[in-house]
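Listed in TrEMBL for this protein:
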TRANSMEM  A:28-46  transmembrane segment
TRANSMEM  A:67-91  transmembrane segment
TRANSMEM  A:111-131  transmembrane segment
TRANSMEM  A:138-157  transmembrane segment
TRANSMEM  A:177-197  transmembrane segment
TRANSMEM  A:226-247  transmembrane segment
TRANSMEM  A:267-297  transmembrane segment
Amino acid sequence: MTGQPRLRPAPARLAALRPLPAGGPARAVYLALALLVVLGWVLFALRGEQFLTMENIVGIQQRSAALGIVAIGQTMVILAGSLDLSVAYLISLTSLVAAETMAGGDGMVVPAIAAVLAVSATVGLVNGLVVTGLRVHAFIATLGVGLIVAGLLDARYDGPAGSVPASFQHLGYDRIGPLPVSALLWAAVAAAAWFLLRRTRLGHRIYAVGGDAEVARLSGVRTGRVVVAAHVICSVCAGIGGLLLASRLGAGAPTVGTDGGYDLESIAAVVLGGTALAGGRGGVAGTVGGVLLLAVLDSVFNQLEIDSFAKDVVRGVVLVAALAIYARGRRTP
Amino acid sequence: MLKMTGIGKSFQGVRVLSGVDLEAAAGEVHAVVGENGAGKSTLMKILAGVHSPDEGTIEIDGRPVTFGHPIEAQRSGVAIIHQEFNLLPERTVAQNVFLGREPGRWGLVDRAAMESATAELLHSLGEETFGPGDLVRRLSVAQQQVVEIAKALSLNARIVVMDEPTAALAEHEVGLLYALVRRLTARGITVLYISHRLREVFELADRITVLKDGSRVATEAAAGLDTAALVRLMVGRELDAHFPARAGGPPGEVVLSVRGGGNARLRDIDLEVRAGEIVGLAGLQGSGRTELAKALFGAEPFTTGEMRPRRPRSAREGIAAGIGLVTEDRKAEGLLLGQRVRDNALLVARATGGGRPAVEKLLERVRLSPPRPELEVRTLSGGNQQKVVLAKWMTVAPRVLLFDEPTRGVDVGAKAAIHDLMRELARDGTGILMISSELPELIGMSDRVIVLRDGRIAGELPAGATEEAVMHLAAAS
Ligand SMILES: Nc1ncnc2c1ncn2[C@@H]1O[C@H](COP(=O)(O)OP(=O)(O)OP(=O)(O)O)[C@@H](O)[C@H]1O
Ligand SMILES: [Mg+2]
């Protein structure tokens, strides 16, 4: 900084000591994914079976799509330093909104989609305003909003309702070549989110608010708006998830979201992908990897016919181990 | 240009500012000085839209303004470099500089424009050791300060507030800041300058406003004041400008020694500290001073070499070996900001089961103001936070105390108190190693000065060495 001698800054040297690969957690999760695939492949080859057949892969993609889309939305709120526990209830709600509005008629598909987006954006707005305006911690705020939605659903429905036309079921079941339409939708949502986080002001500010809300505020960011926007995006993603599930079920169901465990599972996928639960660090790429990792793990279990109890144990171990590894990577300054 | 009138502010019923007037002309450097907790930062935060005043008005160019959010102050041409760092460690330099004002259209960020503008700003600041794409987390404290300055400059503000901008800079970097301030004022920009280093205040300021206990005591032309008069205005009494006398007698037994100590950042460290002596540790930013302190303490341990009483492999072992470290970065490493003063002061004592020291006495001894152990540390002024860190270590009376920039951000009165305290500790047999970027302090306090360069000991100077001699050793290639 001056004409006087200055020493090279040390941080560059320290970087070499970091135990994680240069890409950080996002890279690590793909490494783990690759490892798992190889491991599975070897394992099944020894048993004389085939792993990851075409059918298998398509199945993984289809099963991942709904969770993947919800997890993308969850990534947004978590990066912004918030959290959304209402997604599972919102998925149920929007699956019903979609199926009931369509009521089997082709003509109502577009209005139904519009209605789902409007409903989910509204729920997101409420979440965001409760978190920022009323200063209720996101955990409680979104749980509360979710329970309100659950209550309304319980009061009105006690089973599947509405129906979607055959044309709309293409979304859930069709493929273009080897790629399911639902997976393409997931990819599109992920790409949009990636672009938003990397290239737009809102994206930059989501990282800033999640990183340190006070720093962001002192730098002139209107932090409340950013958090509200992230919540709206998250809820809209959940709404898209609801549409997808309605398409696959052929109807709406009041418990389809909670049965799928989309709330905690989406959060698990996000942190597995290396996004910090405290916010401000991570991204979409990691989340996609996290969702895929969970899905491949699932398909290995299915093929091995392991019971669901052991499955949960292994998933729990994987989650904790991953976070422990990320934490190690961060200890050096 | 700027006119603040009758500004008043209370926090939770405690009056922090009352009826403060401040006026500054275009192109003027106006210094604001006062003791820790006098209300300087609060006044500046009001100007920057961080807090809203309970009373009073602000006028810029004759037009009254009210700021409900920092962004509104920015739009009115006010930029502030806060006393505490305001950067996002996980984001790049460019992203930090333009945070909240990212260039581009349609909500998109023009990254190329952002990076080149940042590069230009860094260049104009003479900064070549890092670039716009580097993560802030990887930068040293001094480099981060440069980022803060670049951020303020990027606003093209007409009023620039600098709240202790040199606290994190080494002596030779301060000169660059002077040049920068002069360049700003030459362009008609008003600079409000806060510092406890009175030398800087006299070097830069046209006028000086003195705050005391939340009220304005005086506003005077700098030319009409000298240090003694200014100190009298600030402290309300005469203050001995000299450092406390050295102990005189021969130093005691060796309480800490290293032979051939080394790790990733340090090499061939041979060093001894005796009971009752104060050893100064000098060196440029990045020379390994902080790393050496952390290695001795065990927080970032030596990997090679011999050390007595033992080579600590963790902070806990360091404490057990009777070593204490007053860290440089008190926010990140020294304090639990959300907890009370009492709990912070007792942190080490509790962690090591060191009994129940009399906290009130200790807080009085470090002259905490207000002396209220039940306050949250977060709400204390910067200088008072430093005093809490000192109190924390005094509870366990370690045999060796390492001080890393102990008086950074501390007012003149408290600084003298801390100096007295260090002497007292030494007289009671504590061995002290002290890092300071303020050479007069380092030389005035130390019984001998060890100079570090590039992770090695470059040499040792006896008490009373000149600043030139120290700089020469520190910078020689
Ligand atoms: N957010 C807050 N809540 C409560 N009290 C506060 C808050 N911010 C500041 N104070 C109090 O206001 C007083 C003035 O603090 P301020 O930070 O303005 O002092 P300062 O003059 O900048 O001191 P220093 O030289 O130590 O930086 C202090 O007594 C401090 O404890
Ligand atoms: Mg201050």
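We count from 1, first residue shown onward.
A Cβ is built for glycine as well, from the same backbone N, Cα and C atoms used for every other residue.
Panel annotation: around the transmembrane segment (A:267-297), residues 24-26, 28-30, 32-33, 36-37, 40, 60, 63-64, 67-68, 71-72, 74-75, 78-83, 190, 193-194, 197, 207-212, 314-315, 318-319, 322-323, 326 of the same chain, lying at least six beyond its termini, place a Cβ under 8 Å from a Cβ of the stretch. The recorded stretches the transmembrane segment (A:111-131) and the transmembrane segment (A:226-247) share 3+ CB pairs below 8 A when only pairs 6 or more apart in sequence are counted, and are therefore in contact. Of the Cβ pairs linking the transmembrane segment (A:226-247) with the transmembrane segment (A:67-91) and spaced 6 or more residues apart, 3 or more are under 8 Å, so the two regions touch. When each of A:28-46, A:138-157, A:177-197 is checked for Cβ pairs under 8 Å to the transmembrane segment (A:67-91), A:138-157 comes out on top.
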